[in-house]
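Trainee: A single structure is presented below for examination.
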Amino acid sequence: MAAKMILFDEEARRALERGVNKLADTVKVTLGPKGRNVVLEKKFGSPQIVNDGVTIAKEIELEDPFENMGAQIVREVASKTNDIAGDGTTTATVLAQAMIREGLKNIAAGANPMILRKGIQKAVDVVVEEIRKMSKKVRGKEDITYVASISAGDEEIGKLVADAMEKVTNDGVITVEESKTTETTLEIVEGMQFDRGYISAYMVTDTERMEAVLDDPYILITDKKISTIQDILPLLEQIVQQGRKLLIIAEDVEGEALATLVVNKLRGTLQCVAVKAPGFGDRRKAMLQDIAILTGGQVISEELGLDLREVKLSQLGRARQVKVQKENTIIVDGAGDPSEIKARIQSIKKQIEETTSDFDREKLQERLAKLAGGVAVIHVGAATETELKEKKLRIEDALAATKAAVEEGIVPGGGTALINAIPALDKLIESLTGDEKTGAMIVRKALEEPLRQIAENAGLDGSVIVNKVKESPAGVGFDALNERFVDMFEAGIVDPTKVTRTAIQNAASAAAMLLTTEAVVAEKPEKEKNPPAPAPDMY
């Protein structure tokens, strides 16, 4: 076991603070509409230029092990805020730094860290309650555009995200992909899409676009492998008599069965497209059931005692249109019973709440979106690779911010909500005494910090701006982009309540942990041994 180095008391806390400051000072230059960028070196490829707090925080490792621990504590604040709210990571870092700085001053002057911690916690509870009271519900597309524009620092991106949210509703999935061109565009996929295409290219109906479009088809959904035509012959005969088209979703269609379907398609006897079932294992069963509910059909499975040879038309699904491409299948306007679809959506929502695995949650959300509203894809375009990565990060932040805003509402942006919470905190401070009061005062001072930093990044005197906002009526804040004092809601400068709340809670949690530290243990770096001298015959 390697030897350890140990620091105590003030020396330990100061080492941690140096690390906190190195990380926070790097991150906070990005705050606000006039925040600058940070360039990150990459082992491979061009450096990455970013404006995103958590991405910068994750890149920072310091040489001194004690300082590095301090930096990692604040990094945890940024990534926790990012995980919960998806945005507000820089604000959280600035708040944590301010609380740690003020707290350490008071501890050095003899305050008791454990009682300070109590005061900090009480103060944060009051501030969070006050932020919730200020919160307004998101009303319509305009509010969403504001939230996304502020988060991404770009009006174009704001409009794009708002369009996407409007099209696919709150339950829909919005994915961000890299575009082949320099344009940033929005594509909406209506209906249910899954990533399986036609089994044979002979099944296409439009050879120019290489896709098969079936209008008003029957849909056979099964988890079996179909290899002999005898299995589905009775069903095919019924469909030919009706003069209808057929989509087969099965584990696989091969051999004689596939050959017969292709020959019939080429002769014009029966228009049929076969695709493999999406997903694997239990997830496949669940997705087939989703498709069945969406289209009003049944999954033909031996587990349910159903045999392919005895399938009736009433057990098949229906849809207004099915579009099958080389790698995707889209079912538009399935004929399922709306009440059953609703029940299925509720069941998936419950599973999302209960699951502990991020991977499972993501897959469940995809299933939910496919049932509920469809999928929007934002194709991000830029002139260079570096710009593309930076733009993609900003769009992802904007998406997270809009989802958070829809969940818990919006508050005045630009650090104004935190300043507006100070009067409520002052009432609490009056009722506290001793070090508990000092703890609450630490939070009070920290609440000014995000606005001060936004003003300083805009090249102005932070303290002057903070005092002016304090004297202004509630809801009036500083528009750093145009350098004027405005009603933040009217000007469309808003932050999601969830983002502001999470930032202050996580910052206080990390600050309280660091302030109550009395000793720090780190591994002693091993001295490199000199390599042995080479033997004479090696030359």
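Using the three backbone atoms N, Cα and C, a Cβ is placed for every residue, glycine included.
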Trainee: Check Swiss-Prot for me: it has T30, L31, G32, P33, D87, G88, T89, T90, T91, G414, D479, A480, L481 binding ATP, so pick out which one of D426, D495 it puts in that same site.
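Mentor: The record-listed residue among the candidates is D495.
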Trainee: Tell me the Cβ contacts of G32 (ATP binding site) under 8 Å, same chain only and six or more apart in sequence, or just say none.
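Mentor: Result: G414, Q453, I454, A455, N457, A458, A480.
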Trainee: Can you name the residues of this chain that are 6 or more positions from L481 (ATP binding site) yet have a C-beta less than 8 Å from its C-beta?
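Mentor: Spatial neighbours, sequence-distant, of L481 (ATP binding site): P33, K34, A458.
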Trainee: Among the binding-site residues D87, D479, which residue has its Cβ surrounded by the fewest other Cβ atoms within 10 Å?
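Mentor: The binding-site residues D87, D479 were compared, and D479 has the fewest Cβ atoms within 10 Å.
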Trainee: Could you say whether, by DSSP, T30 (ATP binding site) belongs to a helix, a strand or a coil region?
Mentor: helix
Trainee: Which one of these binding-site residues, T30, T89, T91, has the sparsest Cβ neighbourhood, judged by other Cβ atoms within 10 angstroms?
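Mentor: Comparing Cβ neighbours within 10 Å for the binding-site residues T30, T89, T91, T30 has the fewest.
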Trainee: Rounded to a whole angstrom, what is the largest C-alpha distance between any two of the residues T30, L31, G32, P33, D87, G88, T89, T90, T91, G414, D479, A480, L481, D495 that the record assigns to ATP?
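Mentor: Site span for ATP, by Cα atoms: 20 Å.
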